[in-house]
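J.: Dumping the structure here so I can ask a few things about it.
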Ligand SMILES: O=c1ccn([C@@H]2O[C@H](COP(=O)(O)O)[C@@H](O)[C@H]2O)c(=O)[nH]1
């Protein structure tokens, strides 16, 4: 199950990112680089992190179709294993991104449906997430970022091979912080999540590897 756990490296510099990578080691299969770290350290760090783990570049591109297609080409050139766009960019943007991703068959392209921090009512989030997941499928993307609460229905609608990546993971009474739609690792697996994204519960743990192993144990309990 380690290969289905992604650690969000939401730290501000290379040294902290490498320390966290070494701390979690093989207890996780994936590292996720988001806006903060990429803006600070850029492609060189992404290449280095790729040497030990699979890499999800989580920059949520959302721009005109031509610009997003170009950004996807750049991500593909970096050799990342997964990259994302925001489905709010619409059908044409998604199709342009999917067209550009075709040149990089080893890279999965996914779309954010509704942010797990979005305060919209749960039922509304569910409807929008389903509609955007279908749009992403039709545009040729490989999957979506969604909350655990929508993952099972998205699989039912878009097929079992359509990837679901779920942030908003908390367990054992952890504070949800800014996340609105949260679930624990066992529920994520039970609901059909392919990959779980965990940031602060691992980053801020006294022993990050132990926190990752705890998450994996809960994932295994649901498999
Ligand atoms: O809908 C989304 C999309 C992306 N994220 C990212 O996942 C992590 C979650 O971090 P936690 O500290 O575990 O809350 C973070 O990098 C977000 O940018 C998301 O949370 N929700």
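Using the three backbone atoms N, Cα and C, a Cβ is placed for every residue, glycine included.
The following feature annotations were taken from TrEMBL:
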DOMAIN    4-215  domain 'Orotidine 5'-phosphate decarboxylase'
BINDING   10, 32, 58-67, 116, 170, 179, 199-200  substrate binding site
ACT_SITE  58  active site, for OMPdecase activity
ACT_SITE  60  active site, proton donor
ACT_SITE  60  active site, for OMPdecase activity
ACT_SITE  63  active site, for OMPdecase activity
J.: I need the most crowded of these recorded positions: 10, 58, 63. Count other C-beta atoms within 10 angstroms of each C-beta and give me the top one.
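T.: Counting every other Cβ within 10 Å of each candidate, the maximum falls on 58.
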J.: Please check each of the recorded positions 10, 60, 63, 65, 116, 199 and report the ones with a CB atom less than 6 Å from an atom of ligand 1, ordered along the sequence.
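T.: Checking each Cβ against ligand 1, the ones under 6 Å are 10, 116, 199.
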J.: Please report the distance from the Cα of residue 199 (substrate binding site) to the Cα of residue 63 (active site, for OMPdecase activity), rounded to the nearest angstrom.
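T.: Computed Cα spacing between residue 199 (substrate binding site) and residue 63 (active site, for OMPdecase activity) is 26 Å.
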J.: Compile a sequence-ordered list of residues in the same chain as residue 62 (substrate binding site), six or more apart from it, whose Cβ lies below 8 A from its Cβ; state 'none' when nothing qualifies.
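T.: Residues satisfying the criterion: 68, 85, 86, 88, 89, 93.
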J.: Can you name the residues of this chain that are 6 or more positions from residue 65 (substrate binding site) yet have a C-beta less than 8 Å from its C-beta?
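T.: The answer is 89, 92, 93, 95, 96, 97.
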J.: Helix, strand or coil at residue 65 (substrate binding site), per DSSP?
T.: helix
J.: Please report how many Å separate the Cα atom of residue 63 (active site, for OMPdecase activity) from that of residue 116 (substrate binding site), as a whole number.
T.: 21
J.: Report, as a single number, how many Cβ atoms besides its own are within 10 Å of the Cβ of residue 116 (substrate binding site).
T.: 25
